[in-house]
Amino acid sequence: MPSRFCGQNEIDHFTCEVLAVMKLVCSDTSKNQVFMFASASFTLLAPFFFIVFSYMRIIITILQIRSVDGRSKAFSTCGSHLTVVTLFYGTAIFMYLRPQSKSSQVQDKFISVFYGVLTPMLNPLIYTLRNQEVKGALRRMAEKKGKL
């Protein structure tokens, strides 16, 4: 994006986020914003809707499971994945597909922490806590601390 920068060329952000760089540009950025909106629509909305559609089909299949225990286990597995997907895509979609006139630096930083740090950090935690052995070890550790 060939652009002319003016003023203090210091990005007020945690990373070199493209939206933060765009705020430093003095020239007209309307074409760049349209391109970013179009590319974000394609790279964020298409996979998100595909995942949601897939999960709707999975839920329909789960509802056909006769055993309550089997349904519960399947919903539990899907629920944790859907939580991570929603956190990541929800914050990224909010960040890149909202009107840029409605954004603020503080809000942008907060949102980028969600999809750039929090979601990747939660991902292993959520999937690890699904493991029965890990849950058992955590319970035993908590019981030992309670006895001290």
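Yeah, the Cβs are placed from backbone N, Cα and C, and that goes for glycine too.
Now, the feature entries from TrEMBL:
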| type | residues | note |
| --- | --- | --- |
| DOMAIN | 1-127 | domain 'G-protein coupled receptors family 1 profile' |
| TRANSMEM | 34-53 | transmembrane segment |
| TRANSMEM | 74-97 | transmembrane segment |
| TRANSMEM | 109-129 | transmembrane segment |
By a Cβ-Cβ criterion of under 8 Å, what residues six or more beyond either terminus of the transmembrane segment (74-97) are in contact with it?
19, 36-37, 40-41, 44-45, 47-48, 51, 55, 58-59, 62, 65, 108, 111-112, 114-115, 118-119, 122-123, 126-127, 130
The predicted model's mean pLDDT over the domain 'G-protein coupled receptors family 1 profile' (1-127) is 81
